[in-house]
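Worksheet for the structure shown next.
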Amino acid sequence: MSDVNKTIQKWHASFRKGTDFDSWGQLVEAIDEYQILARQLQKEVQKVNHCTSLTSREKSQKTLGKIATCLEMRSASLQCTQSKEEFKLEDLKKLEAIIKSILTYNKEFPFDVQPVPLRKILAPGEEENLELEEEEDAAAGAGSTEAFPQRAPGTLLPRLPSEPGMTLLTIKIEKIGLKDAGQCIDPYMTISVKDLNGVDLNPVQDTPVATRKEDTYIHFSVDVEIQRHVEKLPKGAAIFFEFKHYKPKKRFTSTKCFAFMEMDEIKPGPIVIELYKKPTDFKRKKLQLLTKKPLYLHLHQTLHKDS
């Protein structure tokens, strides 16, 4: 079997793996698989651009790029349940036959999409490899007047209905301390609740973009309603806060650092938690502090109990 056919077989297997996870409701695993495959296809498109790989035919190149776009769209639909432009699983499955016959496929692509820029999609854990220009990016972002894409408002959810004897948790994200706070573009937080294996227990929520920066702090002052009663959170669960910002040179949104709260830290009042280096380690196995400086994520917790 030729190397090209082996590559296509690997793509097909990865695609099937992702759609299987998706149909089983294992959304975290599906998103990972989709993003990894999208990245692989985009790398192939880049090679095609240099006439050194799969095929030099322009149509195959565009088809690979469009499949990557569809994988990204499905991944986005899974991450944001309120997305208006949902890309359905049954639509994605229509691409399986195209992947298998990519060398000979010459029909019109079934969806009206365009290939995305190469570096827009990053597979989980890949973005830290692109941080060599971190300082240059920060410097460029500080004084740049370039128009950046506007991020949509956040996806924060309302408080759940109260239940007798059950406790609901509201977390106010007050501020985060960062040495280069003033240079972060469109900063926001993604909040998720994970079990010990890093699997989502609640819908993931995004805050709106922070509006105020002051010295080494970015202020959010926004309430996040945890979408499960405290008593129903399993042992070992944790609440994660991922700080994200836009990188103009690379034209993608990157996770800069993360923090988390474990169940024994749920108590009313203020709490200050440490920041860790990316990539986000949802299983909490290999944690590295972001800085030795006294910079933290500042939160305030309110417990609501219906007696």
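Backbone N, Cα and C define each Cβ position, glycine as well.
The compositional bias 'Acidic residues' annotation in TrEMBL covers 128-138. What TrEMBL records for 128-159 is region 'Disordered'. The domain 'C2 Aida-type' feature in TrEMBL is assigned to 157-304.
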For the domain 'C2 Aida-type' (157-304), the number of residues DSSP places in helix, strand and coil:
9 helix, 74 strand, 65 coil
Average the per-residue pLDDT over the domain 'C2 Aida-type' (157-304) and send me the rounded value.
92
